[in-house]
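In what follows, a single structure is set out as structure tokens and then discussed.
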Amino acid sequence: MTNQTVSPLFPHRHLLGIKGLSPLDILCLLDLAYQEIAVSRQPEKKKSVLRGRTQINLFFEASTRTQSSFELAGKRLGADVMNMSVGNSSVKKGETLIDTAMTLNAMQPDILVIRHASAGAAALLAQKVGCSVVNAGDGAHEHPTQALLDALTIRRAKGQIENLIVAICGDVLHSRVARSNILLLNALGARVRVVAPSTLLPAGMADMSVEVFNSMEEGLKDADVVMMLRLQRERMAGSFVPSVREYFHFYGLDREKLKFAKPDALVMHPGPMNRGVEIASDVADGPQSVIQQQVEMGVAVRMAVMEALLDPRRNPGNGEPA
């Protein structure tokens, strides 16, 4: 990876997942996101690259931070941004996702950002509309921009991703964040571990090129990055953990468990956090935490994704307005 030249061109119409992206595609987005950071830190946080373009955010699942991040990203690029409130939409009256897609397509948007509880919803939408589609999370399938912002955060702090030991800990079973991160980190040459109780591990982990641990002590040993996952109790249909208190005792990241990792290990969390469940407050707010940097990198990455998809200089085959 280190000797390959990264092209400024992004040869995709949609961003539906990390799966399907080459390592060079990923690096293209990360390199562009570096440039977007500078824009966000200027007094006038604005570019005109997407002036005249229309972005519709279609969130079937509530997510204040992700939706706000996409909205801010679009506005900083100069796009006209519309947030569609699903709670007040025809979806609540029985309209299907395909019906919604056809209706939105008739409005001639340039890009649709969708979050949905069903895996594959973004891919289905992409088949039905004439504009670009960005997956902001579909069920337990993927969350590509979260993985990209995590990679950007790691790369800025550590200078590289290749050969780093990254431990992903917690509710892996229900986590689209874990899946996308595993795909991306493997693509860029990291050594990926997952740490979780057996009840929170999906089948087939061995096929994803990761090391699996049921012990935090073993899984965090010499880790460069500790990525905690939220315990997603709203997605749990059965009894996956005996109690929240017991879960924190064995799998919550506190100062004592963090000592198993390298002294300069990064602490990450995609948010929202359950303090005292998967992570202790003094660790979340401690000197090794880069959780707030992840939020900042999220805006930069989403700016990069939309610019890569819609700017004709970066995507000649997909750069004309819809």
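Each residue, glycine too, has its Cβ placed from N, Cα and C.
Some features that Swiss-Prot has for this protein:
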- Arg65, Thr66, Arg115, His143, Gln146, Gly271, Pro272: carbamoyl phosphate binding site (BINDING)
- Lys93, Arg176, Arg230: L-aspartate binding site (BINDING)
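DSSP assigns Arg230 (L-aspartate binding site) to coil in the three-state reduction, placing it in neither a helix nor a strand. Counting in whole angstrom, Arg176 (L-aspartate binding site) lies 6 from His143 (carbamoyl phosphate binding site) by their C-alpha atoms.
Arg230 (L-aspartate binding site) is 7 Å away from Pro272 (carbamoyl phosphate binding site) when you measure Cα to Cα. Listed in chain order, the residues near the carbamoyl phosphate site other than Arg65, Thr66, Arg115, His143, Gln146, Gly271, Pro272 are Ser63, Ser69, Ala136, Gly137, Val177, Pro270, each with its Cβ within 8 Å of the site Cβ centroid. Between the CA atoms of Arg115 (carbamoyl phosphate binding site) and Arg230 (L-aspartate binding site) there is a gap of 18 Å. DSSP classifies Arg115 (carbamoyl phosphate binding site) as strand under the three-state reduction. Largest Cα-Cα distance over the residues recorded as binding carbamoyl phosphate, namely Arg65, Thr66, Arg115, His143, Gln146, Gly271, Pro272, equals 16 Å. Listed in sequence order, Arg65, Arg230, Ile291, Gln294, Val295 are the same-chain residues six or more apart from Gly271 (carbamoyl phosphate binding site) with CB atoms under 8 A from its CB. Counting only same-chain residues six or more apart in sequence, the Cβ atoms lying under 8 angstroms from the Cβ of Gln146 (carbamoyl phosphate binding site) belong to Thr66, Gly137, Arg176, Val177, Ser180, Asn181, Pro270, Gly298. Annotation note: Arg176 (L-aspartate binding site) sits in a helical segment as assigned by DSSP. In this structure, the binding-site residues Thr66, Arg176, Arg230, Pro272 were compared by how many other Cβ atoms lie within 10 Å of their Cβ, and the smallest count belongs to Pro272. Sequence-distant contacts of His143 (carbamoyl phosphate binding site), defined by Cβ-Cβ distance under 8 angstroms and a gap of at least six in the same chain, are Asn135, Ala136, Gly137, Arg176, Val177, Arg179, Ser180, Pro270.
Residue density at Arg65 (carbamoyl phosphate binding site): 13 other Cβ atoms are found within 10 A of its Cβ, drawing on all protein chains shown. The secondary structure of Gly271 (carbamoyl phosphate binding site), as reduced to three states from DSSP, is coil rather than helix or strand.
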